[in-house]
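Following: one structure in structure tokens, then a few remarks.
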Amino acid sequence: MLELLLALPFALALVVALSANASRRTVACLAGLVPLLGLGVLAFLAGDVFDGTILKTQYAWIPEAGLDFSLRMDGLAWTFALMVLGIGGLVVLYGHYYLSAKDSPRRFFTYLLLFMGAMLGMVIAGNLLLLAVFWELTSISSFLLIGFWSHRQDARQGARMALTITGMGGLALLGGVLLIGRIVGSYDLDVVLASGDLIRASHLYPWALGLVLLGIFTKSAQFPFHFWLPHAMAAPTPVSAYLHSATMVKAGVFLLARLHPALAGTDLFFYVVSGVGATTLVMGAWFAIFQHDLKGLLAYSTISHLGLITLLFGLSTEMAVVAGLFHILNHAMFKASLFMAAGIIDHETGTRDMRRLGNLRRLMPMTSALAIVASLAMAGIPLLNGFLSKEMFFAEALEIGGHGTMRWVISIAALLAGVFGIAYSLRFVHDTFFGRGPRALDVVPHEPPRWMRIPVGVLAILCLVIGIIPALTVGPLLHTMARGTLGAATPEFSLSVWHGINLPLMMSVASLVFGVLLYFGLRKLLDFHAVVTRSTGRQVFQVNLERLFSLARAFTARVANGSLQRSLFGLLLVALVLAGWPLLGNFAELIANGPGPRPLPVMGWMIWAVIVASSIGTVVVHGKRLTALIVIGGVGLAVSLMFVYLSAPDLALTQLLVEMVTIALMMMALNYLPKQSKSTRRPLRKFRDVAISIVAGGGLGALAYAMMVSPADTISNELLVRSLPEAYGRNVVNVILVDFRGFDTFGEITVFGTAALVVHALLRWARLKPDEVMPGPPVHLPIAADLTQLLFPLALTVSIYLFLRGHNAPGGGFIAGLVFAVPVLVKYVLQGARAVEATFGFDYLRGIGVGLLLAVIGGVGSWWFDVPFLTSGHLDVELPLIGLLPLASALVFDTGVYVVVFAGTLLMLSTMGTVKQRQAAEEAH
Amino acid sequence: MITIAIIVGMHLVGIAMLLSLWRLLRGPTAPDRILALDTLYVSSIAQLILFGMLMNTEIYFEAALVIAMLGFVGTVVLSKYVIRRDIVE
Amino acid sequence: MTTRQPFMRRFLPSIPQSLTVFVFWLLMAEDYSPGNIVMALILAWLMPQLAARLEREFAQLGRLRGIWTLIGRLLWDILIANLTVAKQVLGPNHKLHSQFVWVPLDLTNIHGISALTSVITLTPGTVSAELSEDRKHLLIHCLSTDDPQALVAEIKTRYEAPLREVFP
Amino acid sequence: MELAIASAIGVLAASGVYLLLRARTFDVILGLTLLSYATNLLIFSSGRPVVGKPPVLKDGLAETLANYTDPLPQALVLTAIVIAFAMTAVTVVIAMREHSDLHTDHVDGEEPDEEQRGGRR
Amino acid sequence: MNHIAIAPVLVPLVTGAILLLLERTHRASVLRMWAWIGMAALLVTNVALLREVLDGDTVVYLLGDWPARLGIALVVDRLSALMVTTTTLLAIPCLLYACAGWDKRALHFHALFQVQLAGLNGAFLTGDVFNLFVFFEVMLIASYGLLLSGARGARIKAGMHYVVFNIAASTVFLLALGLLYGMLGTLNMAEMAVRVAALGPDQALLVRAGAGLLLLVFCAKAALLPLYLWLPEAYARAPAAVAALFTIMTKVGLYAVLRIYTLVFGSEAGLLADFAWPWLLPAGAATMVLAALGVVGAPRLRIGVAYLVLLSAGTLFVAFSLGNAGAISAGLYYLPQSVFVTAALFLLADIIQRHRGGTGDYLMPIASMPGKTVPALLFLVAAVSVSGLPPLSGFIGKLQLLNSVPEDVIGWVWAAILGSSLMAVIGLSRSGTRLFWRVDPVAEGVEAPPLRRSELAATMLLLGYGIVMTVFAGPILRYTEATAAQLLAPSEMIERVIGETPVLREPSR
Amino acid sequence: MSTILDAILAFLLVVGCFFTLLGAIALLKLRDFFQRVHGPAKASTLGVGCILFASIVYHWVNGSGVHPRELLITVFLFLTAPISAHLMSRAALSLMDDRPPHPDRLPDAQQKVVDDEDPAPPERQ
Ligand code: NA
Ligand code: NA
């Protein structure tokens with residue numbers, strides 16, 4: 001049943017949302033079904049609940065997190081569900097008439113039902129985490145409701161403010177709940193409620209309590225988080241009536257009641273909760289007096305009443321809790337009706353400003369009468385429900401034991417709040433329904449449609465009935481509610497209007513008298529209408545939020561300013577820290593343990609000199625780009641020589657070839673870049689960079705040195721041993737490339753081919769402006785072109801030679817591919833791109849694809865023999881005449897490499913060589 | 001004797017390389033530097049051959065061949081740039 | 001006969017080139033087995049085909065009788081002149097009388113001109129710098145000469161004349 | 001030998017880092033090139049290089065690291081060279097496009113204000 | 001012999017190659033068809049892969065039939081399978097979105113897309129550090145292409161920063177690998193782990209320097225605190241489908257950190273045991289805070305989303321560096337869902353941008369976009385999920401994470417997690433209200449370009465993943481918990497990898 | 001192995017290295033580009049040629065077999081050196097302010113259209 005109850009609002013929200021073509025009435029009816037059916041379910045469950053049974057259902061959702069989908073209904077939950085559904089039903093009815101033709105009822109009721117569902121879920125959750133989940137859902141759905149009139153700035157702002165504050169509270173609550181879970185070891189409500197002593201004894205208790213209270217205070221608009229509530233009044237009135245009487249703000253005090261057995265009973269709880277409650281109570285009431293907006297006044301009044309309830313729970317005596325629960329019920333009734341009445345007034349007069357209203361009892365007597373009844377209930381006038389709970393409150397305030405000062409403070413606060421409450425209620429009644437007015441209205445107000453008035457009437461009558469015969473009406477309900485909250489500790493109490501003449505009654509009388517005096521006295525003293533109250537809370541919030549936004553903007557823009565230099569500098573700095581940290585102070589020991597350095601023949605030092613000199617030379621001349629390129633060519637050559645010298649011919653070959661192609665690419669690019677670097681006038685920056693470069697270089701050199709002099713233990717011995725017998729190659733480097741680590745090469749050619757694609761993609765459709773266009777027609781270099789005629793076929797032959805020999809001597813697919821590509825590059829340079837493209841006619845793009853597929857085929861072939869990808873096979877083919885032809889399957893793979901490298905290189909070169917140039921004339925467009 | 005000759009030769013060629021390096025760094029014009037780089041390439045071939053003789057191995061043949069065959073590519077490209085800025089017209 | 005020639009052109013675009021490739025492969029592979037000779041033949045056939053995709057026209061050789069004397073002469077000149085240049089380089093710089101000289105060309109075949117510039121560059125003391133746009137003059141730079149006209153005459157007789165035979 | 005290699009790595013890295021921190025695209029590319037030389041040398045040196053023992057197996061010479069240098073770092077460097085080349089090509093082209101599209105060769109695609117002011121002064 | 005381990009790399013690569021062959025001559029629809037065929041094949045192989053590891057098996061695939069230490073081995077455990085699955089699931093909506101038109105405007109899009117997938121999967125599957133580098137590069141080069149193909153102006157500029165920074169980081173990667181190979185003499189992760197455990201104090205220092213550099217690289221790619229500056233612009237400028245796909249790229253860095261610093265430098269690594277995590281925890285928390293600031297201060301929605309990516313990276317760093325099974329499990333649950341939801345937000349931002357005319361996705365107060373209902377709803381779902389509000393997957397991830405924070409650091413870690421969530425709520429509520437809640441009477445009549453169905457479908461699919469992850473949170477968390485347990489007991493995997501014998505060859509001699 | 005052969009080899013080597021060095025000295029010492037280019041363009045080429053020749057003989061004598069393929073390197077060197085020299089000279093010329101004037105440049109010579117194509121080869125007889 002509980003699942004059904006909870007599913008109702010969500011299911012119908014979905015139905016409403018999807019009923020695109022339904023009439024307004026249908027939509028409202030659909031929405032109205034929820035409270036109707038829901039109340040039916042409640043009625044069905046009432047018997048058990050009133051008997052004190054706790055109804056439960058439980059489904060595992062995320063047992064790992066302790067988050068079960070468990071629902072639980074006791075008296076407290078039942079009563080709250082009753083409020084949520086009952087007042088919800090009235091609000092649906094009211095809202096149907098309230099919404100104007102421009103407002104989409106579909107959207108409105110969808111949000112409303114979502115909210116109703118969230119609220120219901122929160123109330124009947126049987127797992128604290130689940131409760132927190134629904135708690136946040138109420139924040140989100142109320143955000144949508146408050147911002148319903150999203151074209152209005154105050155609505156947007158109010159909605160965001162509410163979301164921010166209550167969202168923050170929700171996160172805090174989540175933290176608190178998690179801490180409770182940590183203490184108790186379960187989130188199950190029954191377990192938690194039974195573990196009050198354990199919780200209170202835990203060292204985490206203050207944190208858990210603080211976080212939970214933060215959630216409660218924000219939700220229930222307690223000082224200092226109260227300010228979001230008045231701004232939420234930008235919502236349509238049905239929303240205010242619903243959220244700020246029976247539901248949203250009550251979620252906080254609901255939780256206070258719910259967790260009362262688990263959290264209450266310590267001094268910390270007492271001081272914080274009652275202190276905050278008392279402050280809110282008085283402050284809210286005081287500010288309510290000075291509101292000009294009907295809903296504003298009601299909002300501050302709500303704050304004040306929530307303060308009262310909080311205060312009662314803070315007092316923590318059983319009777320105080322009962323009083324608090326009672327006031328929750330009462331407040332829901334009179335406040336909902338008052339909001340709806342205010343909405344009617346707004347609806348009929350077009351304003352909610354009390355300075356323009358007045359004397360409405362003549363124009364809309366019925367509404368006025370109902371509103372006056374509700375206001376009197378709010379003021380706590382006898383024979384109305386508000387009086388009863390207020391009396392209980394006064395009584396409890398006077399009976400605080402053990403906390404001497406607090407007793408006085410709270411009693412005075414209670415009295416003050418009573419006085420203020422009378423004053424603002426009086427102002428509400430007087431300024432709206434009596435006196436002169438209304439002024440400057442565009443319409444002549446009259447009674448609203450009957451069905452709009454009915455909800456107000458129902459609630460007002462309830463206020464009266466409860467106020468007169470409480471024991472018969474609300475008594476059992478309150479009892480059930482209290483039992484749900486307090487369990488075994490529920491006190492015996494009787495509800496009656498007359499307790500005899502006692503101190504609480506005196507306080508009521510006093511507050512009535514002083515309240516009337518205060519209102520009229522204030523009217524005499526100052527012009528109410530000129531008083532402008534500013535919500536300091538809002539001010540502070542707004543200012544801080546703006547500050548947060550601008551701080552975030554400024555900070556983010558300042559830190560992530562898009563500067564590449566900064567990014568790189570950060571990278572370097574972290575690198576220095578991470579790599580330098582372990583070495584600091586340990587370097588001497590590090591290099592002491594190895595076999596020690598070996599001497600290098602003079603030859604090696606000469607090559608070293610070329611590396612060092614041209615490397616530094618590059619830095620010195622880097623501003624002049626052509627020069628820098630030539631000089632860096634020296635570095636490349638010398639590094640290659642170093643490779644040769646140190647037993648790495650394959651490396652040297654590759655390095656040299658890549659060097660040539662790189663220089664060609666850079667020269668092509670240089671045509672579209674400035675010839676010189678602009679000099680920067682930032683000596684400090686240069687100094688810093690020089691310093692960090694030296695540190696980085698020195699550090700890396702030191703690391704390299706330490707590594708080289710420490711003993712090595714590598715798997716390479718095994719590679720050497722197994723290369724020839726098992727991989728059929730003498731050039732172990734090539735064997736590694738195509739066999740042992742063929743998968744690396746596989747990835748590498750993918751990178752290579754893809755790089756060519758990227759170059760192609762970047763330049764194909766682009767039009768670039770050369771930095772400088774040389775005058776005259778293209779230069780022909782016939783002699784050079786002619787001389788390379790013989791070079792080309794020979795280079796091709798060499799390429800094939802290097803390719804076939806690669807497995808046993810320096811060479812291989814990559815080197816051979818480049819050796820093929822480079823003479824074509826020379827052709828491009830000497831004959832011009834157009835001429836080459838016209839005759840050469842290879843589709844380089846497809847070449848890359850074909851090469852990659854070949855490599856895959858070379859690797860997948862081994863699957864035929866049921867061995868993994870890239871396993872090399874070996875086959876000796878005996879051919880007539882020719883003799884033995886050794887074939888390694890790695891050859892197919894290497895062919896793929898060859899083709900990709902050739903095609904990729906040429907795709908890059910030809911793309912860069914055939915860039916479409918943009919003329920200065922086009923530039924102007 | 002022959003080993004000594006090879007070693008002496010390697011040092012001579014090494015000096016040649018250092019001299020080219022000097023020109024490479026000093027310039028003054030771009031063609032000077034290109035020329036220096038070209039010379040560096042040619043000297044490298046000599047160096048490789050000598051080294052192969054010293055080690056009594058043929059393993060450096062491929063490297064020398066490729067430098068001889070393509071070492072001038074850099075020269076071609078750089079010179080074309082000086083002549084026309086656009087190396088592929 | 002007229003139909004055969006284009007076919008031959010397609011099949012074997014340049015016989016000299018094919019020959020070069022053939023020899024080149026065998027030399028490089030250092031393997032004179034039947035299998036490798038087949039390979040060399042395949043390459044000799046294939047490589048010029050590929051090269052033909054990039055060349056408008058291969059050099060066609062005329063009479064080759066003179067070429068051997070030319071090569072011999074060239075090698076000798078390279079040797080001798082290198083010594084001269086060595087002396088000049090190692091001597092004081094101010095004794096050098098460098099200058100540019102325009103050599104008028106009788107060669108019209110571009111392949112011939114290319115060969116000539118190579119020869120001029122390879123022989124010490126002279127470097128060919130530029131071919132005039134009409135391809136009738138070749139600019140050469142002499143490291144040190146006092147009689148440019150004699151130099152021009154020598155180049156024309158020693159190198160250009162035999163080259164005109166090879167590249168008609 | 002270790003000293004030579006290590007110091008060469010150091011100098012290359014220092015030069016590369018300095019250029020990497022320049023503000024012009026081309027300088028940065030040069031810096032990356034130098035850095036990749038340093039990187040390659042470092043990986044290479046992880047095989048404890050020796051003179052004249054290339055890892056190409058000869059008959060009659062036992063296949064151990066006593067007779068041949070470590071081939072694995074060489075293979076790694078080969079891969080690294082190729083990848084660095086691919087990356088350089090892409091960077092170069094981006095630099096071209098940036099200069100063409102944004103009319104500046106500053107790495108951030110716009111001239112910093114202070115430098116412009118400095119230039120005008 | 002089961003070859004399923006290599007399929008996630010080969011399938012996209014072959015698809016890419018085929019697409020490259022077809023590209024010039026075939027119409028877009030043909031290319032799309034082939035791309036989808038490839039995607040379907042990938043999905044199928046992915047399911048097969050998941051089945052292999054579901055019961056805790058680790059698949060070791062010895063490429064070239066060499067023992068793991070000599071060649072390259074692919075290692076598929078639960079973590080790899082999870083990452084590969086996330087990639088595949090992400091790729092489907094990205095491709096769907098791109099097929100709405102961007103694929104025609106970006107040259108080689110399809111081929112690059114497939115290469116990107118191959119790179120990602122390769123990085124997730126390999127058990128060899130150098131091979132990891134190679135696949136990082138495959139992934140990066142494809143990402144450069146995807147980012148820059150069809151780019152102009154500002155995107156080129158962002159690309160410059162992204163590319164150069166990544167190349168620099170890759171250089172450091174190589175340096176680290178050089179040092180590690182030099183000290184350990186192997187590149188196979190399992191073998192490295194064995195050797196690291198046996199290191200003496202002097203050598204340990206050098207290895208630690210190398211491992212530190214390696215950590216730097218992964219953190220740079222994952223965009224951890226001082227190294228994140230490259231991310232916002234690059235992600236905010238990338239084409240929508242690409243930006244969405246990129247959301248997994250930072251996770252690759254995170255994956256690598258998790259893999260290597262649990263396996264090689266994990267709890268059983270002798271002197272270097274767990275040395276990285278104490279550095280990462282505060283850095284992760286600080287990243288969260290800065291990222292949250294970025295979300296709040298973002299002038300454009302897409303920049304905000306980029307910071308959300310960063311926020312999720314920070315969260316994951318915190319989760320992983322807490323080091324207990326619960327936190328790692330929480331992170332592993334959080335990871336895919338954050339990928340999906342941020343990807344959805346990128347797509348959504350693009351839809352919004354196009355429909356708001358000149359204002360794009362700038363969070364300026366102007367008329368709300370026309371035809372906003374569906375995008376607004378999607379935005380709401382995404383925002384709720386990404387900021388970690390209940391009840392969607394983001395919440396569950398964070399909940400699990402909060403649950404697993406040990407008590408000694410609970411204060412500031414919780415503050416960072418909850419605080420950044422709040423800031424995200426603030427930032428996103430502002431974005432949402434500015435984008436959808438402003439009705440300008442003038443703009444109301446303007447006819448909006450119709451929303452493309454496939455684009456919305458792609459977004460919904462991504463958000464749908466999140467909802468599925470919410471509903472089935474239980475089983476998924478069980479999987480991630482098993483994964484975390486597997487990660488925290490590296491010796492099992494080490495034995496498994498080292499012990500795997502080749503089919504034909506002798507094991508190691 | 002005969003000392004005479006050794007001596008010849010050593011001589012070849014020294015000559016080769018000397019010329020290689022000579023090219024570099026020229027590069028260092030001479031005054032301007034056009035003077036310098038003379039050195040490397042051939043002295044070095046010749047020097048390397050000598051060394052290569054010595055190498056062939058050396059390997060032959062030392063028992064590692066006849067490897068005439070090193071000749072190929074010489075072939076390539078002699079083939080490419082003139083191209084390099086020619087192009088560098090053109091580059092240097094293009095930077096010169098006072099280029100040597102053409103001997104018979106007529107006023108209308110400049111308007112002569114330069115043919116894109118190589119001149120057609122003469123018909124075969
Ligand atoms: Na490779
Ligand atoms: Na790199």
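Using N, Cα and C of the backbone, Cβ positions are placed for all residues, glycine too.
Small disclaimer: the values here were computed from a predicted structure and weren't measured.
The feature domain 'NADH-Ubiquinone oxidoreductase (complex I) chain 5 N-terminal' is assigned by TrEMBL to A:61-109. Marked as domain 'NADH:quinone oxidoreductase/Mrp antiporter transmembrane' by TrEMBL: A:125-402. What TrEMBL lists as domain 'MrpA C-terminal/MbhD' is A:611-675. Summarising the annotation, TrEMBL assigns domain 'MrpA C-terminal/MbhE' to A:684-772. The domain 'Na+/H+ antiporter MnhB subunit-related protein' feature in TrEMBL is assigned to A:787-906. Among the features that TrEMBL reports, transmembrane segment is placed at A:108-126, A:161-184, A:204-229, A:366-388, A:456-478, A:498-520, A:628-646, A:690-708, A:745-763, A:783-804, A:842-865, A:885-909 (among others).
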| remark: DSSP assigns the residues of the domain 'Na+/H+ antiporter MnhB subunit-related protein' (A:787-906) as 85 helix, 12 strand, 23 coil
| remark: Secondary structure of the domain 'MrpA C-terminal/MbhD' (A:611-675) by DSSP, residue by residue, totals 54 helix, 1 strand, 10 coil
| note | Sequence-distant contacts of the transmembrane segment (A:161-184), meaning Cβ under 8 Å and at least 6 residues beyond its ends, amount to 66, 128-129, 131-132, 135-136, 138-140, 142-143, 146, 191-192, 195, 198-199, 202, 204-205, 207-219, 225, 227-229, 231-232, 255, 262, 538, 541, 545
| query | Residues of the same chain, at least six outside the transmembrane segment (A:204-229), with any C-beta under 8 angstroms of its C-beta? | reply | 135, 139, 158, 161-162, 164-166, 168-170, 172-177, 179-180, 182-183, 244, 248-253, 255-256, 259, 263, 266, 268-269, 272-273, 276-277, 279-280, 283-284, 299, 302-303, 306-307, 309-310, 535-538, 540-541
| query | For the domain 'NADH-Ubiquinone oxidoreductase (complex I) chain 5 N-terminal' (A:61-109), what does DSSP give as the number of helix, strand and coil residues? | reply | 32 helix, 9 strand, 8 coil
| note | Its residues classified by DSSP, the domain 'MrpA C-terminal/MbhE' (A:684-772) shows 68 helix, 3 strand, 18 coil
